[in-house]
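Okay, structure first, notes after.
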Amino acid sequence: MQIQETVPLDAPEHCPGPSSENAGTASACEGCPNQQICASAPRGEDPDLPLVVERLKEIKHKILVLSGKGGVGKSTFSSQLAWGLSLEEDKQIGLMDVDICGPSIPRIMGVEKEEAHQSSKGWSPIYVCPNLAVMSIGFLLPSEDSSVIWRGPKKNGLIKQFIKDVNWENLDYLIVDTPPGTSDEHLSLVQFFKNSGIDGAVVVTTPQEVALQDVRKEIDFCRKASIPILGLVENMSGFVCPSCKGKSNIFTITTGGGEALAKEMGLPFLGKIPLDPLIARSCDFGKSFIDECPESPASEIIIDIINKIDESLQKRQ
């Protein structure tokens, strides 16, 4: 299995990448042995872009899952969204993990020991059930503890490979789990998805203002990049006692939480998912929480959010 190199191994730390408009001319290029090669290379649109767009157009629905801050449960929500959509056995679901420096999807989906293999049709994603396929850099690393220390152009190259070289097999839904914030991975996704009919993004937050202030930036990014926002999800919204069913707020809500922010920004509010220790347990063991704990209040709310997203997408057709 080969990851295509887009940045020379002897390039300086802040190399803009050989396909960049600044290749060979940026200040970071001074003293690089490849400077003349990059400076004289032809400029223009990425030659792979038409193929990438064509592959994406074959997928009926494409959803980005975003968060402004790390640790709000974005990957957990991405996994439950994929599990929930896969309950319709006639639908094909793909889950693509582009959190390249911190891939957690393999563990959450229970396939952390698997390796991706190549066939005549391209890379084969890992199937967690007959209609749910997963792809992550975690399947390409020598061990779970291996770090990924990459510049932006190399991340861009891998995301491109995940789209054009993975045999996704006629997907109905592609869920893309992204890193927190607005990083190189997000810019690559915008470049690849903007001409392929992306359905939109689901933004995940927790109730406290320190998370909400970063979500405002994420919403601003989506609007500047012309990415529709399907709605806002408030995660870790209180704790429901499994014995008495009483609810306690873990995070102090000082500015109204996710629901108030959605109203302020003119966005659909999809729901509040309470804390449930069994969610973390399900993720650690690679199980579907909504299958393992169908009577949990959190499970019922997750299913309701998934139904809202699905209904919204069906209305857009």
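Quick reminder: no glycine exception, Cβ is built from N, Cα and C everywhere.
Under the heading region 'Disordered', Swiss-Prot lists 1-27.
The [4Fe-4S] cluster 1 binding site feature in Swiss-Prot is assigned to CYS15, CYS29, CYS32, CYS38; the stated evidence is sequence analysis.
Annotated ATP binding site per Swiss-Prot: GLY68, LYS69, GLY70, GLY71, VAL72, GLY73, LYS74, SER75, in sequence order. DSSP assigns LYS74 (ATP binding site) to a helix.
For CYS244 ([4Fe-4S] cluster 2 binding site), no same-chain residue 6+ apart in sequence has a C-beta under 8 angstroms from its C-beta. DSSP assigns CYS244 ([4Fe-4S] cluster 2 binding site) to coil in the three-state reduction, outside any helix or strand. Taken from Swiss-Prot, the feature [4Fe-4S] cluster 2 binding site applies to CYS241, CYS244, supported by sequence analysis.
Using a 10 Å Cβ-Cβ cutoff, LYS74 (ATP binding site) registers 26 neighbours.
Among the binding-site residues listed here, namely CYS15, CYS29, CYS32, CYS38, CYS241, CYS241 has its C-alpha nearest to that of LYS74 (ATP binding site). Cα of CYS15 ([4Fe-4S] cluster 1 binding site) to Cα of GLY68 (ATP binding site): a distance of 26 Å. Closest to CYS241 ([4Fe-4S] cluster 2 binding site) by Cα-Cα distance, out of the binding-site residues CYS38, GLY71, GLY73, SER75, is GLY73.
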